[in-house]
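K.L.:
Below are the features I grabbed from TrEMBL:
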SIGNAL    1-23  signal peptide
DOMAIN    30-143  domain 'FZ'
TRANSMEM  211-233  transmembrane segment
TRANSMEM  245-265  transmembrane segment
TRANSMEM  295-323  transmembrane segment
TRANSMEM  335-357  transmembrane segment
TRANSMEM  377-404  transmembrane segment
TRANSMEM  424-449  transmembrane segment
TRANSMEM  483-505  transmembrane segment
REGION    539-681  region 'Disordered'
COMPBIAS  559-573  compositional bias 'Polar residues'
Amino acid sequence: DGTSCYLFIIIHLFFCLVTPALSIHAESVESEFSCEPIRLRMCQDLPYNTTFMPNLLNHYDQQTAALAMEPFHPMVNLVCSADLRMFLCALYAPVCTEYGRLSMPCRSICQRAKGECHKLMEVFGVAWPDDMECSRFPDCNKPYPRAEDLLTSSEPTDQSSKTVQRDYGFWCPRELKVDPDLGYTFMGKKDCSAPCPSMFFSQQELAFTRYFIGVISIVCLSSTLFTFLTFLIDVTRFRYPERPIIFYAVCYVMVSLVFFLGFLLEDRVACNAVSPSQFRASTITQGSHNKVCTLFFMVLYFFTMAGSVWWVILTITWFLAAVPKWGSEAIEKKALLFHAVAWGLPGALTVTLMALNKIEGDGISGVCFIGLYDIDALRWFVLAPLCFNVAVGISLLLVGIVALNRVRMEIPLEKENQAKLVKFMIRMGVFSVLYLIPLLTVIGCYIYEHTYRKIWETTWMEENCRSYHIPCPFKVERTSKPLMVLFLIKYVMMLVVGIPSVFWVGSKKTCFEWASFLHGRRRKDSGVNESRQVLQEQPDFAQSLLREPNTPVIRKSRGTSTQGTSTHASSTHLAALDDLEEPVRTHRHPASSRSKPSYHGSLRRTRDNRHTGTQFPWQHAPSRPPTLYSQQPASDRWPLEGRQPAGCFSGATHPHHSWHHVKRRPSRRKRRHQCLKNLGS
C-alpha cells in the first residue's frame, strides 16, 4: 500500500494548492474609517467638525490634504466665490457620515466656484485640478452639507469615534509608492512595493537568518564542488546511469554560489534605495530593471529547476538500467535528449517569468526569486514543477528498486554479486532519501507560505495602517504572523538538497584518486564502476527463469566504451563462464608465455577474474592459438571502424609459424607491414 499512500499525498498536495486560493479570494475585504476632528485651518467653523481619511481625493491624512490645499489659499482669502471654501472642504475634509453613506457636493456648487474664480486663478498661475472636474459630481442643487449628513449620535473624540464602513481594501502608502513605469505590484495594488528588508521580521531575526544561510551555502558549495572536481579527475569513472548526479551537483554549485553572494551583499541587490526627498522608504525590488537582481534570479531559478529535472533523469536512467536492462552505451545515446530536456525546460520557464516581469527581491536572503509576494507565480512556476518532478521521480525510483529486488530474490547470483547488488540498492535508496526529505520539506514550506500569505498580509496591515495613514482592515477574524524558524528551514533545505551528491562519490577509490592527483600521478585504468558493473552483469530474466536448475548461468556483459555504435541489444556479448580458468602454457616454451594479449584494451579483468568490456569469441578458447585478423573466420572478425587489427600492434605470431614453434620474433615494423599486406590481399 505504498502506492495508495503515495496517491493520497499527491491528492493532498493538490488540494493544498487549490483550496486555500479559493477560500481566500471568497473573503470580502472591508476597511474601517474612524471619524476624526477637522484640523485643517481653512475648514474651521463649518457646520460640521468631523471628517475621515482618506478623503475623496485619496489623501492619507489631514497633513497631506493641507499641503494640497495651499495653492487655493489666495483665492479663499480674496473670497473670489462664496462657494469656493465650502467646495474645497467638501473634497479635502468631507463630512463623516453614518451607515456607510458618502456625501459629495453638488455639481452646481462646483460650477459656481470655478466660474467665479478662474480669472483670479490664472493670475496666480493655479490650474483647476482634473480631480475636481464638475462633471464628476452629482447633478443637484443642495447646499453642503445636507441635513441628513449632520445626523450624528455622539460627538467624536481622538481616541474613539463613530465608525463608517466602506470597502476600500488595501491602499498603498505614500512611502511604498514607486514610479509607474516600473510595473510594480503589491497586495493587488499597482505602482506599489513591499517594505524592505522584511515586512514580517525584525532586524535581529534577519541578521541571524542571513548568517545561517551563509554558513549552509558554504557547506553546499564545498560538497558539490568536490563532487564535480572528482568527476573532472577521472571523467570515465562516472558513466550512465550515474552520470546525471554530476550535472545535478553542477546545478547546486551555482545555487549555493548565488546564496553565498546574497549573504555577502545583504539587501543591496534585493532592495531599492531610500528616497527621503520623495517620502519613499526602502522597498523590495521587482521586475528586470535591476540588472544584478535579474542575473541572480536567472541563475538561481534556472539551476534550481534544472537540478530537479536532473534528478528525474537520474531516476529514468536507473529505471532503464534496472528494468529493461539497458547498457551504458544505450543510455548514453539518449544523452542529447536528456540535456535538451534538463536545460531547455528550465530555460523556457526562466524566459517566461522575465517576460511576465515576475522577478522579486528577497530581503531575507539577499537574492532574487519568484513567488515571494505573488501567490500565483509561486503556485504555477515553483510548486507545480517541483511537485510534478517529485511524482515522476518517486514512481520511477520505486519501480527500479522493485525490479532490482526481484533480481536479487529470484535469480541466483554469486555471493559477491549479491553483496554488490545489495550495496548498490542501499546507496541508491540512501541517496534518494537524502534528496527527497529536503525537497519535500521545501515544498511543504512553500505550501505553508502559500496558504497563510493572505492572513499574514492582513495582520501586517492591521498593525501598520495607522503609521502609514491608510485604512485599517475591518472585522479581522484571524491574525497570524509567520514563524521565522519555518523560513529558516526553507532556505536551509533549499541548499541541503544539493549536499547528497557528495555521498555518492565518497569512497576509498575517490580518496586514492585525489591522492594520486595531488601527487601528480594519474591512474591509467580506471576500471568499471562497481554499481554499473552490477547492473550490467545481471542475467536476463527469461533465460534465468527458463534454464535448467543445474545449468550454469551465462551472463551478459555490457560494453562501456563510448566509441562503439551498438545498441543495448547488439552490444551484448557472451562472457566466459565463472569457472573458466586461464590456459596453462607449457614449460617447454617460456617465450610464448611472455607474448602480449591479442587486442589492446579489449579484455578487462575485474577483481574476481571475470572478463568485462568488449570480448571476442577467440578469447574464450584457450587452446586456440592467436592468429592474424585476416586469418580469422568471417564470423569472428570485429568491424574495423577506423582501427588497426590487433596483430598489427600486439605482437601476434608470424602466419607461417605455429603456436608452439616460434623461431624468432619479427620486428614491430615488419609485423605491421605483413599485417597490412595480408589485409590488402
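Just so you know, glycine gets a Cβ as well, placed from its N, Cα and C.
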K.L.:
Could you count the residues of the domain 'FZ' (30-143) that DSSP puts in helix, in strand and in coil?
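P.N.:
Final tally across the stretch: 51 helix, 8 strand, 55 coil.
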K.L.:
Is it the case that the transmembrane segment (211-233) and the transmembrane segment (483-505) have 3 or more CB pairs under 8 Å, with pairs at least 6 apart in sequence?
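P.N.:
Yes, the transmembrane segment (211-233) and the transmembrane segment (483-505) are in contact.
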K.L.:
Given a Cβ distance threshold of under 8 angstroms, which distant residues of the chain, six or more beyond its ends, lie next to the transmembrane segment (424-449)?
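P.N.:
Result: 13, 16-17, 245, 308, 311, 315, 318, 371, 378, 382-383, 386-387, 390, 393-394, 397, 400-401, 404-405, 408, 482, 486-487, 489-490, 493-494, 496-497, 499-500, 503-504, 530-531, 534-535.
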